[in-house]
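Asks: Following this message is one structure expressed as structure tokens.
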Amino acid sequence: MAAKQVLFSDEARAKMLDGVNTLANAVKVTLGPKGRNVVLDKSFGTPTITKDGVSVAKEIELEDKFENMGAQIVKEVASKTADVAGDGTTTATVLAQALLTEGLKAVAAGMNPMDLKRGIDKATARLVEELKALSKPCSDPKSIEQVGTISANSDATVGKLIADAMAKVGKEGVITVEEGKGFEDELDVVEGMQFDRGYLSPYFATNQENMTTDLENPYILIVDKKISNIRDLLPILEGVSKSGRALLIIAEDVESEALATLVVNNMRGVVKVCAVKAPGFGDRRKAMLEDIATLTGATFVSEDLSMKLEETNMEHLGTASRVQVTKDNTTIIDGAGEKEAIAKRINVIKANIAEANSDYDREKLQERLAKLSGGVAVIKVGAVTEAEMKEKKDRVDDALHATRAAVEEGIVAGGGVALIRAQKALDGLTGENDDQNYGIALLRKAIEAPLRQIVSNAGGESSVVVNQVKANQGNYGYNAANDTYGDMVEMGILDPTKVTRSALQHAASIAGLMITTEAMIGEIKEAAPAMPMGGGMGGMPGMM
């Protein structure tokens with residue numbers, strides 16, 4: 001085992017803070033409508049230019065291992081916030097940095113770290129309650145468009161696209177984002193379906209950056225049993241390999257030996273394949289598989305229907321124009337099923353809904369109906385260059401996630417104003433001792449940091465703006481885009497409540513853990529062995 005280096009107390013915390021500051025200082029310049037760009041170097045191809053906080057955070061690896069630990073912990077704040085709410089990564093990073101900077105000063109001055117953490121936790125719980133109280137529902141198209149615009153870094157065309165997509169497929173409908181062929185953004189609604197099962201192995205992923213599998217014009221095999229013997233699949237795999245197309249397998253399960261064979265063949269390029277588990281359970285699973293078979297024009301391979309897997313051939317496969325698989329979901333777009341068969345299937349489900357006895361059965365049938373009839377909205381992102389395309393696609397993805405979060409939990413005034421207004425909930429809140437009270441005061445001050453950073457990025461004087469906003473009430477705030485004050489909601493500057501809440505909770509959680517850190521352990525980097533000296537050339541015989 002390699003020797004380890006151990007740092008304690010202030011030395012450990014100082015190293016950790018250096019790492020946090022390096023990452024946070026790179027991320028926070030992107031905050032707000034006048035946030036700056038960050039250029040990310042790539043091992044090949046053009047550098048990426050982005051204003052997306054989580055993309056910047058993901059690129060940062062520091063040489064000093066102890067500083068890197070601090071950076072990686074705060075990177076987790078950004079990633080967690082992005083996973084839960086789809087946006088707010090920069091806000092979470094700024095909050096974590098502000099809390100940690102002041103918290104570590106307090107610990108160095110002799111305060112009890114555990115009591116500081118308890119004070120921060122107590123204040124966080126109160127602020128979350130206040131944010132929920134300040135929240136307003138987001139249901140009308142105008143609010144949805146405004147949230148999408150803000151989350152896409154004030155790009156109004158993206159906000160309108162997302163609002164239009166939600167209007168066409170419903171707020172719970174499936175919306176996907178893909179790269180377009182032209183310079184303009186487009187919105188298409190196609191026949192499609194999404195279900196909550198992802199790939200059985202991450203080795204099926206074709207896009208390593210996003211860990212997604214994208215299959216263009218694939219064949220689709222639908223089976224209701226476990227696949228344990230790869231021999232049963234050989235005729236299908238050979239046929240698909242000859243065709244040069246991809247194959248999506250939807251089955252109850254694929255057991256280890258068969259799965260390993262599929263993975264190896266996929267990685268070697270023998271046949272492009274992806275296997276996913278069938279959605280649902282029991283009879284409901286069979287019904288959902290029949291829905292997918294109808295949508296894609298596949299034959300449902302089931303022993304109940306006297307069909308065995310080893311007897312299947314290419315004629316039993318369905319097709320779709322595109323399939324996207326993530327670790328959690330599978331989206332089938334534009335299946336090749338006959339319109340008459342799909343309409344007939346929809347009518348059968350409608351009849352079942354009318355006859356359903358329980359609310360649960362009715363709800364599940366309505367889910368199936370929505371999947372089969374709702375379609376999928378596809379936002380095609382247009383751009384002039386590949387670098388612009390990638391950056392814009394990331395922004396549209398973020399905006400889509402944030403808009404869904406707004407529909408789910410409502411909206412609050414944006415631009416850091418909601419956190420300033422929530423400060424009043426901490427009036428009169430006290431802990432069990434002075435150190436806990438200081439923890440509460442720490443968070444009270446830290447929640448001003450996002451507004452201060454927005455103003456700083458816009459070239460303004462943050463203290464003046466913060467005092468002006470605090471002197472007023474309600475949704476009154478600062479619009480950094482045009483350097484004016486006013487009602488943030490009326491100006492269309494909104495944040496999803498879920499985004500603000502998640503950013504606050506994740507930042508407070510990580511800051512509390514780091515404040516209470518007393519030791520850090522890392523491997524000692526071994527020095528590379530010196531190169532051996534080159535041998536001299538031997539004397540040639542016969543020379544004097």
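Indices start at 1 and increase along the chain as displayed.
Cβ coordinates are placed from backbone N, Cα and C, and glycine is handled just like the others.
According to Swiss-Prot, the protein has these features:
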BINDING   30-33, Lys51, 87-91, Gly415, 479-481, Asp495  ATP binding site
Asks: Relative to the Cβ of Lys51 (ATP binding site), which residues of the same chain, six or more apart in sequence, are found under 8 Å away?
Replies: Thr30, Gly35, Arg36, Asn37, Val38, Asn153, Glu391, Arg395
Asks: Where's the emptiest Cβ shell within 10 Å among the binding-site residues Thr30, Thr90?
Replies: Thr30
Asks: Just to verify: the residue among Gly32, Asp495 with the fewest other Cβ atoms within 10 Å, which of the binding-site residues is it?
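Replies: Among the binding-site residues Gly32, Asp495, the sparsest Cβ neighbourhood within 10 Å belongs to Gly32.
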Asks: Around Ala480 (ATP binding site), how many other CB atoms lie within 10 A of its CB?
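Replies: Around the Cβ of Ala480 (ATP binding site), 25 other Cβ atoms lie within 10 Å.
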Asks: DSSP three-state call for Thr90 (ATP binding site): helix, strand or coil?
Replies: helix
Asks: So which one is it: of the binding-site residues Gly88, Gly415, which has the fewest other Cβ atoms within 10 Å?
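Replies: Selected from the binding-site residues Gly88, Gly415 on minimum Cβ neighbours within 10 Å: Gly415.
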Asks: DSSP on Lys51 (ATP binding site), three-state: which is it?
Replies: coil
